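Take a look at the structure below.
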Amino acid sequence: MVEHYPFKLNSEFDPQGDQPQAIEKIVKGVKEGKRHQTLLGATGTGKTFTMSNVIKEVGKPTLIIAHNKTLAGQLYSEFKEFFPENRVEYFVSYYDYYQPEAYVPSTDTFIEKDASINDEIDQLRHSATSALFERDDVIIIASVSCIYGLGNPEEYKDLVVSVRVGMEMDRSELLRKLVDVQYSRNDIDFQRGTFRVRGDVVEIFPASREEMCIRVEFFGDEIDRIREVNYLTGEVIREREHFAIFPASHFVTREEKMKIAIERIEKELEERLKELKDENKLLEAQRLEQRTNYDLEMMREMGFCSGIENYSVHLTLRPLGSTPYTLLDYFGDDWLVMIDESHVTLPQIRGMFNGDRARKQVLVDHGFRLPSAMDNRPLKFEEFEQKTNQLVYVSATPGPYEIEHTDEMIEQIIRPTGLLDPKIDVRPTKNQIDDLLSEIQERIDRDERVLVTTLTKKMSEDLTTYMKEAGIKVNYLHSEIKTLERIEIIRDLRMGTYDVVVGINLLREGIDIPEVSLVVILDADKEGFLRSNRSLIQTIGRAARNEKGEVIMYADKITDSMQYALDETQRRRDIQTAHNEKYGITPKTINKKIHDVISATVDNDETNEKQQTELPKKMTKKERQKTIENIEKEMKKAAKDLDFEKATELRDMLFELKSEG
C-alpha cells in the first residue's frame, strides 16, 4: 500500500524576482493537464528553487532527468536540502567503469563485458525503486540511464517479502522466500543482499539500505519481534510492527516463470542455430550454442547468470521486439517529469537507442548473443514520449523540440539578487592577447576571476603557457581531465589558487562561479557548435553571477549567432533593469558557499584534517550527529579496504567529536 505524505519544502527564502509568476504558470499548466511546458530560465535565476516549489504545489511523484552523473549528484544534494522530510532518491548507472561486450569482425576480437559496479549507487537505485512502492512523496534524480531496461515492476512488487509481528510463518519458510528474491545466506560476510541465521533469529540486510539490517525473532511458528538494527554495532535503532523486503535484484523472476523463460530461450536458440547453419556460419553456431547453454545451466541451478539482462524479454515473458520495462514503469499513472538542461538531455535520450543497437547487431550476427538480446535496450524516443505523462523542460536555451511542443515559453529572467545579464563588448582580434592580459590584470587587482574560452586544444595550451610565463595563476580545463578533478579546479579558482581558467567547452557541469567577473570568448566569429547562438548564450551566462560581470568577444565580424546572442542578452538586460528601477533593487553578487568536493573523493591533506578536527567547536547538535555518522561510515570503509592508519585517525576524530557532544 502506497502511503500518502505531502511535500514539505525547507527554505528560509520565499520565491522572488521572476520565480513567483513562473511557479504559478507551471503549476496551473500541470493542474490543467498540459503535457509539455518549458521554463526558460536565465543563468542564476534560481531554476532549482522554482522546480522545488512546483513539486511542492503539484504534489506528484517526480522524475528529474539530468544529462550526466555529476549534474545529477549536484541536483540530488540540492533537492535533499529542500525536502529533508520527503524521499529524495538518486538513480544513475551503477558502473564506475563499464566496457560493454563487443566484437570487432576485422580483427576477430571479442571484448568481454567488463564492469566495476559501485555498491553505494546500486543501493541508491534499490532505494529509489522501493520508495515508489512505499509512498507518494518521491523525487528521483536520474541520469539518462533511467531509460535503460529494468525488471518487470509488477514482478518486483509482487515478490516483496512482507514480515509482520504476530504473523504465522516458520523460520525455514522465510529463508526460502528470501532465496527466491535473490538474497543469499552468509553468516560470515554480512552485506547488502544477504541474510544470516542465529537460532530463532534471522537478520536480513535489505538491498536498499546502507547500514541498517532487519532482525526478525521467531517464537515457534510465529514472528515474535521485528527490529531495525545497526548491522555493525548491533545497536537497536527502533522496533517495527511491519517491514517489506524488496528483491535483491531488479531482474527477479518467479520459479515457474523462470521455467517458461528457459523453454522460450531454448526454442529461440534452436531456431537461430538452424538459421546460422543454413547460412554455413558453423563457427558462429557453435559459439552461440556453447555460450547460451552455459547461461541456461546457470539459470537452472542458481536462478541467474552473468549478463542475465540479455534475456530480459524472455524473463518478463514479453513478445520479441516489445518495449522494455524501465524506471519509468515503476511510477504510477499520475506523475511528473522534469528535464534539466533539456537542450542537452533530450538529444541524449534520442541518441541512446541507435548507439546501443549498432553494437548489439554485430554480437548477434557473429553468434555471441541470441537476436532477443536486442530487446535489452534503452527506449526509443517515441517510446519515451508514450511512457511519460506530463513534462517540464528546464533550460536557459531551449532546443527545437521544446520550442515546437510548447505553446508558450515560461520565462524566468529576473534574478532574486537583481543581477543583470553581463555587458558584452565585441573587439577586433588584432593585438587580442595583449589586450586580454591587461583586462585579466585589472580583474586580478580587484580579486576577481576570469574564464577564457578558445576553439582548439592547442590554442588553450599555448595561451595557458603564455599566461604562466607572464606570471598569471592559470589552469587549463580539457576533456581528458576527470569529472572530479574538474570540480576541484573550479573550487580552486573560486578560492583564489588560480585567477584564470582557460578551456574549450566551459559549459559543462559546475561552472557557476560568482567570483567570475569576466568571460572572454576568443574566435567568437568562427561559426560552429562551440560558437552557435545557444553555446554563446550559455557561455555569456557564466558572467551573470557577479555585479561587475562583463563579456569580451574577440571577432573581426559579427555572425548571425553573435547577433542573436547580443540581441537576446540586451533584451534580458532591459527587462532586468526595468524591474530593478521599479522596485529600487541594487544588484549584488551572489554569495555562494564553497563546498568541498563530493565526499567520494576524500582528501587526505593536512588542511582537510585540521579543518575536520576544528569542526566540533562550531557545530550544532544536528550537524555534529551528521558528521559523526559520516566519519563512522568512512572509518568502516577504510577498515574494509585494509587502510588501518586512516581508520585509526578517523576513530580518534570520532572520540573527539563524541566527547565534545
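For all residues, glycine too, the Cβ spot is worked out from N, Cα and C.
What Swiss-Prot says about this protein:
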DOMAIN    28-414  domain 'Helicase ATP-binding'
BINDING   G41, A42, T43, G44, T45, G46, K47, T48  ATP binding site
MOTIF     94-117  motif 'Beta-hairpin'
DOMAIN    432-598  domain 'Helicase C-terminal'
REGION    604-625  region 'Disordered'
COMPBIAS  607-617  compositional bias 'Basic and acidic residues'
DOMAIN    625-660  domain 'UVR'
Problem set entry | Which listed residue (T43, T45, T48) has most other Cβ within 10 Å, given these are binding-site residues | T45
Exercise. Taking the centroid of the Cβ atoms of G41, A42, T43, G44, T45, G46, K47, T48 (ATP site), which other same-chain residues have Cβ within 8 Å of it?
Worked result: T50, A396, Q412, R415
Problem set entry | Chain-internal residues near G41 (ATP binding site), provided their CB is under 8 angstroms and they sit 6+ positions away | A22, K47, T50, V394, S395, A396, E411, Q412
Exercise. Which residue counts does DSSP yield for the domain 'UVR' (625-660) in the helix, strand and coil classes, in that order?
Worked result: 33 helix, 0 strand, 3 coil
Exercise. Given the model, what does the mean pLDDT over the motif 'Beta-hairpin' (94-117) come out as?
Worked result: 64
For this session: Rank the binding-site residues A42, G46, K47 by the number of other Cβ atoms within 10 Å of each Cβ and report the first-ranked residue.
Result: A42
